[in-house]
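Q: Okay, here's the structure, questions in a sec.
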Amino acid sequence: MALLPILEYPDPRLHTVAKPVQEVDDRIRQLVTDMAETMYDAPGVGLAATQVNVHERVVVIDVSEEANDLLVLINPEITWYSDEHQVFEEGCLSVPGVYDKVERAAEIKVRALNVDGEPFEFHADGLLAVCVQHELDHLLGKVFVEYLSPLKRDRIRTRLRKQQREAQKQAV
Ligand code: NI
């Protein structure tokens, strides 16, 4: 078990496109364990491997109130999007302190592999649908602030760079 460092926007590595997992083996299961521990510790409701600088299609999610219902998605794909949309105020462990409204499909269908490498499918709506779409964007190298206006994004980038510089100074 290990907590993994989370990349923070505007780190260019967050824009890496993840590759499919070739085999769901012990290395991937260890990654899943570490990612789940990192997500719960943060705390957050979702984490994509991209955010811990591993560029393979692995996501962990837990939108339950008690944080005791871990969903692991390996090589996930969204196979259907509803025409209906919903707007949610999103945040991201890679963009600390920033929350803003993003419009996404209200319902989706998802196909993925579990930690045993077995395929499964599910239907998602509400927060889970938001979270899956947000995390799958990470695997494509996309951070939610890219849905915001260029002006907002520039402000966020400037603010986070400043925060990161101050944190570095304190660490020295
Ligand atoms: Ni995120």
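A Cβ is built for glycine as well, from the same backbone N, Cα and C atoms used for every other residue.
Pasting the relevant annotations from TrEMBL:
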BINDING   Cys92, His134, His138  Fe cation binding site
ACT_SITE  Glu135  active site
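Structural setting of the listed features?
A: Long-range neighbours of His138 (Fe cation binding site) (same chain, six or more residues apart, CB within less than 8 Å of its CB): Leu14, Ala18, Ala48, Thr50, Gln51, Val59, Ser94. When secondary structure is read from DSSP and collapsed to three states, His138 (Fe cation binding site) falls in the helix class.
In sequence order, Gly46, Leu47, Ala48, Val59, Ile61, Leu73 are the residues near Glu135 (active site), counting only same-chain partners six or more apart with C-beta under 8 A.
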